[in-house]
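Asks: So TrEMBL lists the following for this protein:
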- Lys82: active site, proton donor/acceptor (ACT_SITE)
- Gly178, Leu179, Gly180, Asn181, Val182, Gly183: NAD(+) binding site (BINDING)
Amino acid sequence: MSTFIFNELNFDNHEQVVFVAEEKSGLRGIIAVHNTNLGPAMGGCRMWDYASEAVAVNDVLRLSRGMTYKNAVAGLPIGGGKSVIIGNPKSAKTPALFEAMGEALERLGGRYITAEDVGTSPADMAHIAAKTKYVAGLGASGDPSPFTALGCFVGAQAAVKHYLGRDSLEGLTVAVQGLGNVGYDYARRLHAAGAKLVVTDIDQAALERARAEFGAEVVEIDAIYDVQADIYAPCALGATLNPATLSRLKAKIVAGAANNQLATAEVGELLRRKEVLYVPDFVINAGGIIKVCYEYYDKPEADVEAHVREIGVTLAEIFRRADAEGLPTSVVADKLAEARFKQ
Ligand code: NAD
């Protein structure tokens, strides 16, 4: 077992990994605290019907490590962590399950602060909050997705400025993959800035809305990779950038909200060689965690937007360094994060 954990690619010097179980509620969960050099670890609590415990461990370690990098580059006074509850979010939820998770967080004494994630809801967070104050994003001021969308828009502007030398998105074509909470709002901003939209989603209603509201052109799910676009905006799934999609991609810029867009780390270098400007996912999509962090620490809501807009400044620096050092933007973003949290 120890060989499996410590040799796990994503273990990467996690400070603490806690396995929690409670008989009465049936809780089986894992809390991963990757790094707290910059402050308490913050990251969501995911509930998922994992195929095996090994898959759950790998997922929580990968996500927790990712939060350290995201939070550090976003300039937040927090570290990286994540938790998972093993179970079907559609059938296995009870208040007692989340209360037991809350008790487990309380025992960590604030080293990890949780929040909503895939498979969990504000109502679940309220049950956790019955047992601990170490829970953020209770929905007091609403869904953080509009701030993630703002960060994406600012990121697209920074990329266009750097790569095309333009201050405006007017007349550019953006291929948006996924019109959910973030994608739709991002599309609205792109449309308002004069961009042409080509969109896809599995949700027909969202496509109809985008067609009516933004005059968007709709394409089939798989056809999004072939669109003659200036920007490809992945806002649905991870790992959409891989050798197969790269050979089809026409866009010169990738700027979208999805987590873990690169199927493998090597794809960052493939994008660089293809002269595609990749906007690193964990930098561009930090708007939501910035909002949640401000809310948790009772910092003025009026300052959130300015902080999210800083994403554009950070990206401009990453693009400059990537050019100067001949490195993929993904590598430069990692280095920037490490310089901040590895003190
Ligand atoms: P969401 O579930 O609201 O939206 C996802 C959309 O993608 C849905 O409309 C869904 O129908 C669509 N979709 C699913 N499969 C698809 C496919 N094969 N092709 C095209 N569309 C497909 O999620 P969201 O909150 O908008 O988040 C979008 C992405 O951004 C996710 O990867 C998420 O992890 C990431 N992200 C979100 C936030 C946030 O604040 N919500 C923050 C950081 C990162």
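Each residue's number is its place along the chain shown, starting with 1.
Using the three backbone atoms N, Cα and C, a Cβ is placed for every residue, glycine included.
Please go over these features one by one and say how buried each is and what sits next to it.
Replies: With a 10 A radius on its CB, Lys82 (active site, proton donor/acceptor) counts 29 other CB atoms from all the protein chains.
Annotation for Gly180 (NAD(+) binding site): same-chain Cβ neighbours under 8 Å, separated by at least 6 residues, are Asp201, Asp203, Ala206, Cys235, Ala236. According to DSSP, Gly180 (NAD(+) binding site) sits in a coil region rather than a helix or strand.
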Asks: What whole-number Å value do you get for the CA-CA distance of Gly183 (NAD(+) binding site) and Lys82 (active site, proton donor/acceptor)?
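Replies: For Gly183 (NAD(+) binding site) versus Lys82 (active site, proton donor/acceptor), the Cα atoms are 24 Å apart.
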Asks: Quick check: with Gly178, Leu179, Gly180, Asn181, Val182, Gly183 left out, which same-chain residues have Cβ atoms within 8 Å of the centroid of the NAD(+) site Cβ atoms?
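Replies: The surrounding set, listed in chain order, is Ser145, Tyr184, Asp185, Tyr186, Asp201, Ala206, Cys235, Ala236, Ala257.
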Asks: For the recorded positions Lys82, Leu179, Val182, which residues place their CB under 6 A from an atom of ligand 1?
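Replies: Those recorded positions that pass the cut-off, since their Cβ is under 6 Å from ligand 1, are Leu179, Val182.
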Asks: If you draw a 10 Å sphere on the Cβ of Asn181 (NAD(+) binding site), how many other Cβ atoms land inside?
Replies: 17
